[in-house]
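Novice: Next up is a structure, given as structure tokens.
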């Protein structure tokens, strides 16, 4: 009994000292939300001291409580002085950039919708009535007509394209154009001797059928694709050509491709480039390929159409386009200073005052990357190269005197800053960093218009041009936010010219043009070791988002956790490789 009375006295003294019935109780309850085991009641800590040493247990509990209070006070001070202001500044910066992104999206949507009213009428035929090219083009009547056709060079750069080389070479040799007015040039940079032999045999096969096919190789891969195209323009037989059509190895133009594009160049000497639209042979193979199709459809239907109809400028897509050779020469030819040699050439030609035309009704079949690793590398190359090109050409654009002020403003602000920087950085920073962190920092509140209204408006502007894909919009948003993580890294690598700024990996092609899967497969478990398919950075972001979502679920008064959980799951799915195909040669 005396021992029990002593323990009771100590407990009463501790309670009075800690003022458990006073204001400290509120702090205790608040503290338990973050460190439940550190509460003054001791929990396991006091029991661990044992009933035989109540004084030691009381001292340990008080000391622990004092240490936790000190840590909490330090965190509160740091949060109020530095963390909250920094997060608030980042929040408002992202919101301002989001508003700019929305304004640009509205401009592009309006311009693309009005484009049919501004578009020039389709260019007329090159020659007068008579047999079509390839039909009795040796008789006198046809000979008179064929003479009116300009000489066209068709370039196809290749690198170890075992799966698709036959498709592209066959399609190029099947173009409806007088056989003596077209040269098909295969630029083979393959390092696999077997592939090189196969490509050369294919060229000989078409040459034996009367096609003018040139098989060209280099001793090195200097400049990659740009280097191959530049070297291809140096051959003597190219001097007789007026125009050059460029196709990547997985592109299959329809026979009437030249008939529908070259006339624009023939009838308007101010036009330097005619760009066709891409269509895809495997859009329904996986959910990932379906999302890629949605993104690229918006690019062609809105961005390219708007640029063509307003300022007669847009970025060359690197393939499925026809150039006036004299415009390439005037701009200095192909350059390999970035990984977006196509955009580089377009900017330099555009700054010389040349016009570009986009013809969306001419479509060329191509293949979407179905391997996640290949898609990541493709996006890194495109994003990093565009940002690096912005760094290299920004001053040149401002100082040039050969184009109007409005065209320069369009290039600097809309084409480069908004679409090549802001559009990549803001989705990740706002929706995967600022909003999740705001649930942990009560001093920072992101306005509803920034969280809901602006992204909803931008999404609707995207979706309205893809009505058949409305049911994929939620998946598209979540997946694009994951890819914006990689694009953000690539953007800063390009702007700052860091280590991998010139990294070039050829996108893997599978040649699955006959792929017909009635039901899109959302996930596929890759049959390989876990550490081979996992991406640690994406998994770490997923863990961070899971923590923020759980904290918001337990302690928050809003429903941000619903979105954050979904985004975390998407990062985890992509980070563990359960997306797309598993085989990769890249």
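Each residue, glycine too, has its Cβ placed from N, Cα and C.
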Novice: Out of 497-517, 560-580, let me know the one TrEMBL marks transmembrane segment.
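Specialist: The listed stretch tagged transmembrane segment in TrEMBL is 560-580.
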Novice: With the ranges 393-410, 447-464 to choose from, which does TrEMBL describe as transmembrane segment?
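Specialist: So the range that TrEMBL calls transmembrane segment is 447-464.
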Novice: Can you find at least 3 Cβ pairs under 8 Å between the transmembrane segment (560-580) and the transmembrane segment (421-441), where each pair is 6 or more residues apart in sequence?
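Specialist: By the criterion, they touch.
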Novice: Which residues of the same chain, at least 6 past either end of the transmembrane segment (535-554), have a Cβ under 8 Å from a Cβ in it?
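Specialist: Contacts of the transmembrane segment (535-554) (Cβ under 8 Å, skipping residues fewer than 6 from its ends): 33, 432, 436-437, 439-440, 482, 485, 560-561, 564-565, 567-569, 571-572, 574-577.
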Novice: Averaging the per-residue pLDDT over the domain 'Glycosyltransferase 2-like' (244-447), what integer do you get?
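Specialist: Mean pLDDT across the domain 'Glycosyltransferase 2-like' (244-447) comes out at 96.
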